[in-house]
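Worksheet: one structure, shown below.
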Amino acid sequence: MTAYLAKRLAIGLATLLVASLVVFSVLEILPGDPARIMLGLNASPEALEALRSQMGLDRPVVLRYLDWLAGMATGDFGRSYTYSSPVIELVAERVSVSLPLALMALALSTAIAIPVGIFAAARRGRLSDTIAMGIAQVGVAIPNFWFAMLLVYIFAVGLRLVPAGGFPGWGEDWGGVWQGFKALLLPAVALALPQAAILSRVTRSAMLEVMGEDYIRTARAKGLPRRAVLWRHALRNALIPVLTILGLQFAFLLAGTIIIENVFYLPGLGRLIFQAISQRDLIVVEGVVMLLVASIIVINLLVDICYAIADPRLRTGR
Amino acid sequence: MSLLEIENLSLRIGEAPILKDIDLSIAPGEVMGLVGESGSGKSMTALTMMKLLPHAARAQGRVTFDGINILAAPEAAMCRLRGDDIGMVFQEPMTALNPVKTIGEQVAEGIRWHTGVNRPDAEARARAMLERVGLPERQFPLTRYPHELSGGQRQRVVIAIACALKPKLLIADEPTTALDVVLQAQILDLLRDLVDENRMSLLLISHDLAVVADMADRTTIMRHGQVMEAGETARTLTEQVHPYTRRLAEASTHVPARAKPAAGDTSETLLKVEGVTRDYPIRRASLFAKRQSFRAVDDVSFSLARGQSMALVGRSGCGKSTLARMILALDRPTGGSIHFDGETLEDKSEDQLRPSRRHMQVVFQDPYGSFNPRHKVERLVAEPLHLLDEKPDAKRRRELVAEALEQVGLSASDMEKYPHEFSGGQRQRISIARAVITKPKLIVADEPVSALDVSIRAQILDLFADLNRRLGVAYLFITHDLTVARAITDRVMVMHEGRIVEAGDTHAVFDRPKTEAAKALVDAAPDLDRALRMRMERVSGG
């Protein structure tokens with residue numbers, strides 16, 4: 001198990017290093033001079049030159065790369081050109097919205113999808129299975145922004161249970177936390193639905209595949225009722241594909257939620273990246289991308305650990 | 001008073017009739033053998049007793065176990081019976097255990113479920129049971145996972161699960177078919193002992209008459225979902241009143257008519273293997289551990305003459321298949337040399353090997369898995385033709401395919417069909433046609449008949465003998481089935497832990513084995529005549 005984890009960790013760190021190189025070089029090759037963007041098209045060449053040397057843009061590429069790496073290692077991701085504040089602060093502010101949102105959506109989709117998938121698999125071919133999978137099919141097909149608008153219309157505009165958009169911050173006390181939670185509730189539901197639809201289909205097919213295995217028959221021959229076989233023998237074996245999809249979905253939820261953030265006017269990571277790219281705020285783009293790469297590597301590591309917990313055959317370090 | 005009584009059992013799955021009017025009874029403490037070829041309904045009969053049938057199955061008739069009407073029993077009552085009064089052992093030990101649970105959990109689970117004892121007590125009983133089936137605590141703690149055990153060991157765990165609560169009836173569905181002969185003998189001995197100790201009844205399902213003759217007091221023979229004949233094993237299998245019984249018995253001891261190898265023919269060497277060794281690296285325990293290797297084939301030398309038929313026998317994992325792969329130049333030896341038809345193989349590039357490949361072909365065990373199901377027979381059989389120096393045109397290709405199909409007893413019109421349109425035996429004929437189409441000098445056959453029913457097996461063995469006579473092709477038969485080796489080969493090599501430990505004339509080696517490894521194989525090999533003789537002696541003696 002330790003060997004397995006050490007290997008996964010080493011692979012993760014290597015990936016991070018390669019990613020940093022790619023991110024840095026791509027942004028280096030892209031056209032667009034940050035100094036010119038900051039000063040505007042009419043800036044004098046002297047002022048441009050002064051700003052470039054102040055930002056260190058005139059130094060050799062290799063040195064800048066190493067500086068950048070060293071900075072990130074100590075938590076210094078540089079300063080944003082456009083916001084004039086440290087990238088790490090910008091990101092921290094956005095993460096305080098995006099991470100809870102992603103976790104809420106993930107928890108919701110898992111809580112819906114896994115029971116539904118198991119239920120449908122246990123009643124394969126019956127009416128309840130057909131209905132559950134029909135709903136899942138619709139859930140996959142509906143665009144999430146449309147579903148989000150529907151939610152706003154019903155719960156915010158109609159019933160006035162939650163705010164229609166915006167994010168008040170997490171506040172100072174439990175009341176503030178509750179306000180923040182309420183603001184994230186609809187976006188989380190909107191994000192969770194399509195994820196749950198996909199996840200329930202994956203769960204169902206993984207369960208069905210496992211239910212056809214010989215060891216399920218062995219368990220039945222022991223005298224275990226169908227339900228006990230399902231929970232004790234089938235579920236853990238069906239978890240591997242489910243965990244894979246969960247890991248991918250979490251990664252997506254962290255940064256791929258820009259449409260939902262726009263629908264609900266949420267100051268999340270997705271919008272930060274979008275704005276930074278459109279304003280050529282390279283330092284912010286670099287910093288956020290590196291943080292995302294790192295968090296996806298951490299998620300994958302967690303998924304790998306879950307694999308090893310679920311399946312003892314993976315613990316021998318293959 | 002029988003423990004199990006089946007009367008007029010009929011079974012349909014959807015529209016397809018599976019069983020017709022089955023009658024079968026098992027007395028307490030009796031061993032009943034259930035014999036039949038694949039698709040005869042043996043397994044479905046067993047699953048009916050457990051009421052573990054597929055969803056679409058509908059059963060009619062009466063199945064009474066220990067006074068309980070099984071077909072009418074509610075699911076809850078069946079759950080109480082299964083694993084407690086009826087235990088079941090399955091064919092495929094590699095997949096019969098849950099890979100994510102320890103063997104201790106899997107054995108203890110049934111004990112806890114049925115008796116309601118607490119975890120430590122159930123574990124203590126599981127430990128005792130595993131000990132009893134030959135998996136002592138010291139080497140096989142309860143915390144082992146199935147993937148850490150071999151096939152034979154896993155089958156012992158499955159037996160421990162089935163017998164943990166001393167069931168009144170144990171059903172064993174082809175329990176040894178996936179194991180080599182030595183393991184088969186061990187597992188059968190274990191089953192016999194457990195049945196005797198606990199006064200269990202045993203329903204032993206097998207396609208192998210010799211195994212049943214060895215084990216069963218009474219035998220039921222099934223075909224096409226019907227019972228052909230049932231009675232005392234010794235009487236049924238010696239008198240062979242029913243014509244089907246006679247056919248089965250004849251087929252399972254069938255020896256094809258073979259021409260004696262002509263002396264002049266065998267003098268010329270076709271294949272010469274000298275000092276061949278193959279090492280595989282073992283995964284290192286840690287990054288800094290010394291790299292170790294496992295020697296799968298260890299200093300093997302032999303030669304095979306033109307037109308000769310040679311068997312390579314040994315237990316599973318002894319290196320037979322690795323050796324065959326090197327002869328076929330699919331794998332390179334770590335050391336030593338292989339000469340085929342005057343050329344060395346071990347130092348050639350893939351391009352240089354092409355002329356040699358044409359003259360050596362292979363037939364595999366599984367006639368289902370070795371074809372692409374989306375290709376027609378014409379394309380499948382024509383596959384090796386790319387090895388020829390001159391590529392035949394479309395017309396010539398069809399002629400060659402037609403010729404090859406006729407060689408193996410199929411017709412030229414079969415080339416338009418897809419593999420699923422053929423039975424298992426016919427598919428094996430197609431793979432032999434694919435092997436002979438390039439007119440090879442050597443065919444390596446890896447367990448070519450072990451997936452086939454006895455009657456089909458007899459026909460395929462005849463075909464091999466016939467091709468040997470007509471085309472003069474030499475064979476290397478890799479098998480763990482000594483009956484097959486005896487039937488079709490002149491010489492035999494016994495392989496054990498990577499080495500050839502004994503070689504010689506097939507009959508001489510099998511009649512008077514000299515080494516331990518060869519003796520173990522010969523003693524373990526099921527033999528119908530020997531089993532019946534011993535059964536008769538036991539009956540008349542006691």
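Backbone N, Cα and C atoms are what each Cβ position is placed from, and that goes for glycine too.
Since this is a predicted model, take the numbers as computed values, not measurements.
Positions annotated as domain 'ABC transmembrane type-1' by TrEMBL: A:95-303.
Residues annotated as transmembrane segment in TrEMBL: A:101-122 (among others). Sequence-distant contacts of the transmembrane segment (A:101-122) (same chain, six or more residues past either end, CB-CB distance under 8 Å): 128-129, 132-133, 136, 184-185, 187-189, 191-193, 195-208, 211, 226-227, 230, 235, 242, 246, 249-250, 253-254, 257, 266, 268.
Marked as transmembrane segment by TrEMBL: A:134-156 (among others). Sequence-remote contacts of a segment are chain residues at least 6 beyond its ends whose Cβ falls under 8 Å from one of its Cβ atoms, and for the transmembrane segment (A:134-156) they are 116, 162-165, 186-187, 189-191, 193-194, 196-198, 200-201, 259-260, 263-264.
Under the heading transmembrane segment, TrEMBL lists A:176-199 (among others).
Feature annotation from TrEMBL assigns transmembrane segment to A:238-260 (among others).
Positions annotated as transmembrane segment by TrEMBL: A:288-310 (among others).
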For this session: Please indicate, using numbers and ranges, the residues of the same chain that are 6 or more beyond the transmembrane segment (A:288-310) and have a C-beta under 8 Å from a C-beta there.
Result: 1, 4-5, 8-9, 12, 15-16, 19-20, 23, 72, 77, 87, 91, 236, 239-240, 243-244, 246-247, 250-251, 254-255, 269, 272-273, 276
Exercise. Is the transmembrane segment (A:238-260) packed against any residues at least 6 beyond its ends, judged by a Cβ distance under 8 Å, and which are they?
Worked result: 98-99, 101-102, 105-106, 109-110, 114, 117, 144-145, 148, 187, 190-191, 195, 198-199, 202-203, 205-207, 209-210, 266, 268-271, 273-274, 288, 292, 295-296, 299-300, 302-303, 306-307, 310-311
